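If you look up TrEMBL, you'll see 80-107, 108-135, 136-163, 164-191, 192-219, 220-247, 248-275, 276-303, 304-331, 360-387, 472-499, 500-527 (among others) marked as domain 'C2H2-type'.
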Amino acid sequence: MTNYSLIMNNLTEPKNSDTREKPYHCDICGKSFSQRSNLNKHRRIHTGVKPYQCDICGKSFTQSGHLTCHKTTHTGVKPYQCDICGRSFSTTSILTKHKCVHRGEKPYQCDICGKSFFQSQHLTRHKRTHTGEKPYHCDICGKLFSCSGSLKRHKRVHTGEKPYHCDICGKSFSGSGDVTKHKRTHTGEKSYHCDICGESFARNNGLTNHKRIHTGEKPYQCDICGKSFSRKGILNAHKRIHTGEKPYECDICGKLYSSPDPLKRHKGTHIGEKPFYCNICGKSFAQSSDLTKHKRVHTGEKPYYCNICGKSFASNSRLTSHKRIHTGKKPYQCDICSKSFSKTDTLVRHQRLHTGEKPYQCDICGKSLAQSGDLTKHKRTHTGEKPYHCDICGKSFSGSSDFTIHKRTHTGEKPYHCNICSKSFSDCSSFSKHKRIHTGEKPSHCNICGKSFSVSGDVTKHKRTHTGEKPYHCNICSKSFSDCSSFSKHKRIHTREKPSHCNIYGKSFFRNSDLISHKRIHTKEKPYQCDVCGKSFSHNSTLNNHKLIHTGGEPYHCKICGKSFYAKGLLRTHVSIHTQL
């Protein structure tokens, strides 16, 4: 007799009048049913028996109703229409559930927290957040899930199955919800609105997650370290720090990841196909949408406008990011150090500080970089390409971000404002560095000597003092440098270029930092204050020299007589005494 037959013969029959309402019990999980046929269907979850097979794709199901629903994904037939909003559905049961949304009806209430639901199965699933019950088990990797739908979606990670297709662009997805979300990128539909700030969302759970920014609610708590999170997905990703689990594998190189998004980005490094070409410059792209955005570099088109300051942008994503300058919103949180960011790509770049991942490799010199944009810019050091030209001064740049920052030297625009000292900055990185003056934060550490730095670029430069690496070479005098800024300053010795101009006095400088220091002569600004005596200085180096008066330090030594001084200028004056003799 098969296991399935044994299970079916072992069904518990009604024992007394008290159990007649749901007299049929599953002897594996204890769940009760009012009809034997429903118990039979339920048992298939445990046995894995799927007797109903699709004659189009061969997929099997535990219930005939599920097969009927599935077949509509092939036929596209949705005969049941909502008479309120006109939306169509493949089954009457889905239509009935949908209508509850219009009525606002939530008849099923949780007796633990009081939350209400449209459907009984939603309440059942919700209760498992309180009990921790996960009755659904993946037979491939052993992972447990609280609902069958989550298990079904998870299994597609292993099988690679993507049964849901977008009828507009043909893209495939593993979940029906994913294709629904994707279609909104075509329609632009955002039907869920925040009643606090007015922001709109394509999905209800997007609105729910967003509202937690306003309320500060973090309902998902790690049972290992007690840390709380606003979203369940962030909690799950965080828990993998404790477990070390990396269930997402690249099927090309075998590299493992703890969450699907880094895997998706990583796979992009393998895919070399770029079928969409720009007919102006010949550059190619993997997606048509990327080509459309790129063409705006040539046309100058900026169709997206900020309704707060009127600034326009070439892409909607840049407008969304820009608006966060006004709102101060930082919805993307690092699950390792809890730092928040206004953009997802900034979070991704930040997380590579923790992981050390550098997935983008230069095919010319072999150097690895953490970002695709950095690789593109790096390659231009080999080719000498500078595709971004300033139409005011004619200067050219290898990177679009450098070009954007440069243009602000002409316009005077400084969109980043410090809410502590009211100082403004033209670029985000300078603003971030400045804020660390107030906070004292030094998040980047040297793994050789343990020294800490406020800027990640500084730890990279510092490490070269240990390794002796000098990757920047002057092709005029062959001198080498450990950092790009020193190299750029050095090149101006040969070119005599002084690109930084004082708009008050007209004086020109090799370096922008020298111009900033010079301007303090006019403004009388002294931003560097001694924390011992309160005296202020216009330069950080002058403050450091001054502090030696308090500490008694004299780091500058005369090589002729051995006398020590706390300031370099005093040593220089002293040495002249010897040279005059």
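First residue shown is number 1, and so on along the chain.
Including glycine, each Cβ sits where the backbone N, Cα and C put it.
Summarised as a single figure, the pLDDT of the domain 'C2H2-type' (500-527) averages 78.
Below 8 angstroms of C-beta separation, residues 197, 210, 213, 293, 296-297, 340-343, 415-416 of the same chain, each at least six residues beyond the ends of the domain 'C2H2-type' (304-331), sit close to that stretch. Taking H, G and I as helix, E and B as strand and the rest as coil, DSSP gives the domain 'C2H2-type' (192-219) the counts 12 helix, 4 strand, 12 coil. With a threshold of 8 Å between CB atoms, the same-chain residues lying at least 6 positions outside the domain 'C2H2-type' (500-527) that come near it are 423, 489, 492, 536-539.
Across the domain 'C2H2-type' (276-303), DSSP assigns 12 helix, 4 strand, 12 coil.
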